[in-house]
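Features reported for this protein in TrEMBL:
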DOMAIN    49-226  domain 'Wntless GOLD'
DOMAIN    227-496  domain 'Wntless-like transmembrane'
TRANSMEM  233-253  transmembrane segment
TRANSMEM  265-284  transmembrane segment
TRANSMEM  304-323  transmembrane segment
TRANSMEM  335-352  transmembrane segment
TRANSMEM  377-407  transmembrane segment
TRANSMEM  428-452  transmembrane segment
TRANSMEM  472-493  transmembrane segment
Amino acid sequence: MAGAIIENMSTKKLVIVGVILLLFQAFSFMVGGLIAPSPTTAVPYLASKCVDTDKHHQSSRYFMPWGPNQCHKIQDFDEAMSKKIEANNIVFAIHIPLPNKEMSPWFQFMLVVLQFDIAFKMYNQIEDGAVATIDVGVAYRDDMLGEWTEMAHSIEQRKLSCKFPTNKTHENEGRYYECDLLPFMELGNVAHKYYLLNIRLPVNERNKINVGIGEIKDIRLVGIHQNGGFTKVWFAMKTFLTPSILIILVWYWRRITLMTRPPVLLEKVIFALGLCMTFINIPVEWFSVGFNWTWMLLFGDIRQGIFYAMLLSFWIIFCGEHLMDQMERNRFSIYWKQVGPIVFGSFCLFIFDMCERGVQLKNPFYSIWASDVGTELAMAFIIVAGICACLYFLFLCFMVFQVFRNISGKRSSLPAMSKARRLHYEGLIFRFKFLMLVTLTCAAMTVIFFIFSQVNEGHWHWGDYTVQVNSAFFTGIYGMWNLYVFAIMFLYAPSHKRYGDEQSRGASGEDIQLTTTITHVDGPTEIYKMTGKEAQE
């Protein structure tokens, strides 16, 4: 039997292939570390206080904080009180971006968080469980002299989480509370050059609207978007890797179909992994530069979720198919206990994403973090997801340990062979063990990346907006996935060579000693068959 490339390729060629893949892996880290800028940029904004003199308070009217058509502004609320301007007539206006700058579709998304500057007053303190009601609208335009077009308008509630750093006494009046950042808005793409936010804090004492929220002095926003330079590097990587994986995928399946036997489960799963890698590679994000596709963030999450599920399932099946005590190999149904939780977890990820980004397609101001229940659920989800990822890795380590133990048990058959045959099988075992260690390393990096990305996304909602992720981590992990999938398809493709025909003719007895009990078992490699021997017996 010809076997797989991992068995029949010479050690010298395998080393060359390994070195080339290692160089590409190093290059993928260097691309992010030396060429690409940080993945995201955080820009602070301070709202201007505009005065709405219209008695009807038309929500379709937008107030510009600066420029030729800027609104009538006041400096602070003391000025408003002196001019007898009511709180309901004040509009907080924020123009994104800052003057003399433009937004770009290369920014891909825009996340905005909000923070209130609230001064302490003995007669107007923040009540426990205070909720701010915010009447907010966002509009856009693509030139400085054009009319503003409303994108979305909503009335949202955000619970205040503030603490006063010192004693609440008359001497400390005027000092500011320390308030947490609040999730405010998220756009799935940045298709326009200029955005304008108008925020009102309507007061209605009878209905207890915006009562007991303290004396708000200012509203600060932080706009977070993807760096255009990082986007271009990311798109370039996807554009380069897509044909590479697609070509090896077609080549791999063509070799599988040329065999006289039908493909086994392991070969089918490798092909499915290649399909998922190709699916996540396809650079459809290029269209987001020219089209106003607000669903690109959600679509990207779905693609990544499918790849996660396939990759985690592949590792389980890859190890399981090489366990000697696996009584019914080559049947997907026997893995339902391991793969089922992975599928269920991926489905929960999808539901969680739809509950936020799905709703944001219609209302960009919606956030699951805005309520106590939503925040607790989101935090619990992040913690549980991290714990499950760690448990999965431990379980995978246990499976790899079982595979190593079972393969080591096979070594008892090797001393009876001739030196050439013994060295051949010892070489196969070494190559397979090395591949399993590479698999564990890839799994560990994937789990770290998953946990880190979940925690980092949460930081934008509850933590310091200066948190940055190194670009090298993103590009390195992404390159690692592609190189791993490429290597698996290449090494497990059927080889056109036959190992040692002359040795095989002279050592038929030795070959029978190792394979007589599994001659009716087909598989991609000798290790695959060796580990199935005990199950057949």
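Cβ coordinates are placed from backbone N, Cα and C, and glycine is handled just like the others.
Remember, TrEMBL labels are computer predictions, not curated facts.
The average per-residue pLDDT of the prediction over the domain 'Wntless GOLD' (49-226) is 88, rounded to a whole number.
Of the candidate ranges 304-323, 335-352, 377-407, 428-452, 304-323 contributes the most Cβ pairs within a distance under 8 Å of the transmembrane segment (265-284). Proximity of distant same-chain residues to the transmembrane segment (335-352), defined by a Cβ-Cβ separation under 8 Å and at least 6 residues beyond the stretch ends, is recorded for 301-302, 305-306, 308-309, 312-313, 316-317, 320, 378, 381, 385, 388, 392, 395.
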